[in-house]
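Heads up, the thing below is written out as structure tokens.
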């Protein structure tokens, strides 16, 4: 049973808000995406940028949606196991960096929202839960999740640099802001995976991650990126085998207060 402590509640609220944003985007609805990210890359005769192609916008929305959904599954794993103290710390830093990125692109509403969330998470993560870090038990689950976090982080950094090399062909014509936004969201998800691994929550995370990764596989299939869909399906199968086929090691560590 999940204990109703501050960090757990705060992370649960973040997950709930995020899934409400992710579901419409997974259906191709881009209404929640800031306007600055929906500009096209083609200039008309008057010298102004045309709007993004509708098909490209739908693919972009689904891609952001599946990244946010992976983020939600990672947060939900920590909430379900009441291990949110370290996650709240990581999310505080991630939300502040995300707010700074949104400020650079002029998305003031998103800046305000993420600063508020970072403040709440920071209070419960650093003040109520203390600064003590858990002692990580490095079993097969933790190692797999750490490697996954590193892989996600590496791709996120490439996208944040403005490189679209890691994107499927259907998304390579996105504008710079859209490419970076995908890197930002993937980076937040990577932080959640890493927090789960370090806080001895990797066995639970291995049960939740396959759901998020399979949604990502579906999203790739929708944009005819079958190579990406097959790769993500393999990752999902691997984590499902780890999560459901191997017993979790005995762990200690501090839970959220």
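Placement of Cβ uses the backbone N, Cα and C atoms for every residue, glycine included.
Looking at 209-228, 229-248, the stretch flagged in TrEMBL as transmembrane segment turns out to be 229-248. Same-chain residues lying 6 or more positions outside the transmembrane segment (86-105) and placing a CB less than 8 Å from one of its CB atoms are 7, 10-11, 14, 34, 36-37, 75, 78, 111, 114-115, 117-118, 121-122, 124-126, 129, 133-134, 177, 180-181, 184, 187-188, 191-192, 194-196, 198-199, 256.
Listed by sequence, the residues of this chain that lie at least six past the ends of the transmembrane segment (60-79) yet keep a Cβ under 8 A from its Cβ atoms are 2, 8, 11-12, 14-15, 18-19, 21-30, 33, 37-38, 52, 87, 91, 171, 174, 178, 181-182, 185-186, 188-189, 192-193, 195-196, 199, 201, 204-205, 207-209, 211-213, 215-216, 218-219, 222-223.
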